[in-house]
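Asks: According to TrEMBL:
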type: TRANSMEM; residues: 26-48; note: transmembrane segment
type: DOMAIN; residues: 41-290; note: domain 'G-protein coupled receptors family 1 profile'
type: TRANSMEM; residues: 60-80; note: transmembrane segment
type: TRANSMEM; residues: 92-120; note: transmembrane segment
type: TRANSMEM; residues: 140-158; note: transmembrane segment
type: TRANSMEM; residues: 200-221; note: transmembrane segment
type: TRANSMEM; residues: 242-261; note: transmembrane segment
type: TRANSMEM; residues: 273-292; note: transmembrane segment
């Protein structure tokens with residue numbers, strides 16, 4: 001946002017939950033614990049996917065990218081939030097705000113595309129198992145992941161530029177715990193209807209199109225699984241796909257609540273709570289869902305633990 005009208009501009013003030021100071025100490029402890037567990041869980045999945053040969057498959061390549069993305073998302077917002085809870089100075093520099101906005105938008109777009117890619121991977125695995133390794137060859141997997149990252153951050157460049165070039169007119173109090181587009185638009189002293197429409201259109205594209213592709217993929221998967229004669233085979237197929245579908249429901253449900261609802265639907269405190277869930281709780285749930293419901297990941301974890309114990313004993 002333009003700062004010409006404020007020569008002493010020193011950054012934005014992130015109000016966060018300062019209207020409820022009695023909650024800040026408890027929130028600090030809860031957020032710190034969840035953040036630590038999220039880093040541990042996502043870091044573990046990334047390490048296992050790299051170190052264990054049994055997990056060197058397209059599914060776990062995509063999953064390790066999802067874990068890396070979640071790790072980046074929480075690290076983009078949580079440390080600043082924790083610092084604001086414990087310190088009197090709740091400011092964030094202009095550059096820091098731009099970085100938060102750009103990274104959070106980009107990673108959100110990446111995850112939308114990546115989850116649809118993972119749904120396609122499960123569709124090929126269940127519906128065309130004999131051709132799985134031919135279709136999902138390493139080059140295609142890399143191309144799909146690169147496309148997800150380029151699409152997400154390409155869109156973020158445009159949205160961040162449009163948002164942060166609006167005239168600020170001295171306003172610098174952000175009623176949120178991190179820099180997010182809808183809140184930043186409220187600081188502008190000009191008509192933002194065109195940018196709001198653009199943000200809504202981009203959000204619709206990144207939410208509705210991938211979600212539609214995912215639902216179509218799972219429609220085909222369900223039909224194929226029901227044709228499996230073996231009850232054990234059906235259970236295994238549904239178990240593998242169930243974890244991915246659970247992640248999809250949590251992620252898209254949260255983002256739709258944030259970006260495709262009328263601004264007046266929720267109070268700002270509710271918006272902050274939803275954003276906190278998206279940036280903190282969802283990245284924690286992803287590794288928990290995949291590890292607790294996935295025998296291959298649990299097996300890889302046991303093998304690596306035994307390997308560590310054997311190294312210590314030798």
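Indices start at 1 and increase along the chain as displayed.
The backbone N, Cα and C atoms fix where each Cβ goes, and this holds for glycine too.
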Asks: Could you tell me the mean pLDDT over the domain 'G-protein coupled receptors family 1 profile' (41-290), as a whole number?
Replies: 86
Asks: Near the transmembrane segment (26-48), which residues from the same chain, at least 6 beyond its ends, have a CB less than 8 A from one of its CBs?
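Replies: Apart from its flanks, the transmembrane segment (26-48) reaches 17, 55, 60, 63-64, 67-68, 70-71, 74-75, 78, 81-82, 85-86, 276, 280-281, 283-284, 286-288, 290-291, 297, 300-301, 304.
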Asks: Could you check whether the transmembrane segment (60-80) and the transmembrane segment (200-221) come into contact, where contact means at least 3 Cβ pairs under 8 Å with the two residues of each pair 6 or more apart in sequence?
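Replies: Taking Cβ pairs at least 6 residues apart, the transmembrane segment (200-221) and the transmembrane segment (60-80) are not in contact, as fewer than 3 fall under 8 Å.
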Asks: So if I exclude everything within five residues of the ends of the transmembrane segment (140-158), which remaining residues of that chain have a CB under 8 angstroms from its CBs? That is, six or more out.
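Replies: For the transmembrane segment (140-158), the nonlocal Cβ contacts are 58, 61-62, 65, 102-103, 105-114, 117, 120, 202, 206.
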Asks: In the same chain, which residue numbers or ranges, 6 or more beyond the ends of the transmembrane segment (200-221), come under 8 angstroms Cβ to Cβ?
Replies: 108-109, 112-113, 115-116, 119-120, 122-123, 126-127, 152, 155, 158-159, 237, 241, 245, 248, 252, 255-256, 259-260
